[in-house]
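In TrEMBL this protein carries:
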DOMAIN    76-415  domain 'Amidohydrolase-related'
BINDING   85, 87, 255, 329  Fe(3+) binding site
BINDING   85, 87, 255, 329  Zn(2+) binding site
BINDING   94, 157, 190, 258, 334  4-imidazolone-5-propanoate binding site
BINDING   157, 331, 333  N-formimidoyl-L-glutamate binding site
Ligand code: NIG
Ligand code: FE
């Protein structure tokens, strides 16, 4: 049976059309078309046509029954939001470390003492597949309720082959069972195990010679990520790990220049990474290199907010020609949130981005950061019918009113899964 859906009368319809091949950069990040009084028709989980209410109704109204017709009067319709950087699959929380940081301890001090990523690694290693699945599934429901229809998910709290596989298998299972689309990233190089801190080379060798080949062989990930940071993986180790991934068909990504300047942005450009993420301390040269190499800059202002750090220089990056995307970085240590809309608020208020840029950065540019811009990130003919309807009169309100959830309806592959702000 053909599944049909028509949305009419949108106060504003934003399609983000025209950037499926290449991410939007510079002025193009602000220059999308806003269709006042817009409509969109979808069939079999795909977009058929978007345009003015009058034209779309004339063409398609007769082919839908009232049940398949959504009236978006007074609301804003956008592509389903995309979160291109999360640590979705993990066990437990770290509110104790939050309290320690509020008393003056730093994120890296806590990690060096065996907390931080190590604490979540212990919890994740101890958790069964089922426990991890259940905790992560709840988070995915929350993403959906906040308008997100595609999420990238990293491993990196296993740190042994067995437990890295467990995390990625949970992601794979969820991507089959849950309507939100998941894209997986192997991040065995997320931390050096505590017992090997003094002599990390054998662990780097295991990531390269054991983990990467096996993860690739099992088809458990598309991307390969590394935490390139002083005290974690050096640029030289990071390069070897990313090059090894490439040999096995895993596309490089990198946690770069988060806490200290460490030439991570430069490395991303030189290994041909699809994205470099964080970039709070990226150098001028690194920013230039990324723009020249076409590396998407995935900025995570929730992390700067939560770690009480300086924010990444989004304005400078966009003006230098870097395609910028935004993400939550969902994780229990540096960004315990799933609210991508709140990240949009931070993008504007703390990183000098415009309301238009933050929408581009959470839709089509986010899709480019995880290689899915051919299917998602914009509402164009043949692309997935992933649509978010916000109960706001115009898109400016989205990055103006903060800390609240404006999502009214979420449609995934042509099916309304959130209606009136409630999961169906
Ligand atoms: O992206 N920076 C490294 N990894 C995560 C934090 C992980 C954690 O603290 O558990 C991040 O911020
Ligand atoms: Fe991260």
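Every residue gets a Cβ built from N, Cα and C, even glycine.
Because TrEMBL annotations are produced automatically, they should be read as predictions rather than curated entries.
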Item checked: residue 331 (N-formimidoyl-L-glutamate binding site): nearby binding-site residues from 87, 190, 255, 258, Cα cut-off 10 Å -> 87
Check: Listed binding-site residues are 85, 94, 255, 331; which sit with C-beta under 6 angstroms of ligand 1?
Finding: 255, 331
Notebook entry, point to check: Around the Zn(2+) site (85, 87, 255, 329), what further same-chain residues have their C-beta within 8 angstroms of the site's C-beta centre?
Noted result: 86, 154, 225, 277, 278, 300, 303, 327, 330, 331, 335
Checklist line | Same chain, 6+ residues apart, C-beta under 8 Å of the C-beta of residue 334 (4-imidazolone-5-propanoate binding site), given in sequence order | finding: 107, 303, 306, 307
Check: Tell me, how many other CB atoms lie within 10 A of the CB of residue 258 (4-imidazolone-5-propanoate binding site), whichever protein chain they belong to?
Finding: 27
Next item on the list: State the count of C-beta atoms found within 10 angstroms of the C-beta of residue 255 (Fe(3+) binding site), not counting that atom itself.
Entry: 28
Checklist line | Candidates near ligand 2 among the binding-site residues 157, 190, 329, judged by a Cβ under 6 angstroms | finding: 329
Notebook entry, point to check: Taking only the binding-site residues 87, 94, 157, 190, 258, which one has a CA atom nearest to the CA atom of residue 333 (N-formimidoyl-L-glutamate binding site)?
Noted result: 94
Notebook entry, point to check: Apart from 157, 331, 333, which residues in this chain have a Cβ no more than 8 Å from the mean position of the Cβ atoms of those residues at the N-formimidoyl-L-glutamate site?
Noted result: 87, 90, 94, 116, 117, 120, 156, 332, 334
Checklist line | binding-site residues near residue 157 (4-imidazolone-5-propanoate binding site), in sequence order, restricted to 85, 87, 255, 329 and a 10 Å Cα cut-off | finding: 87
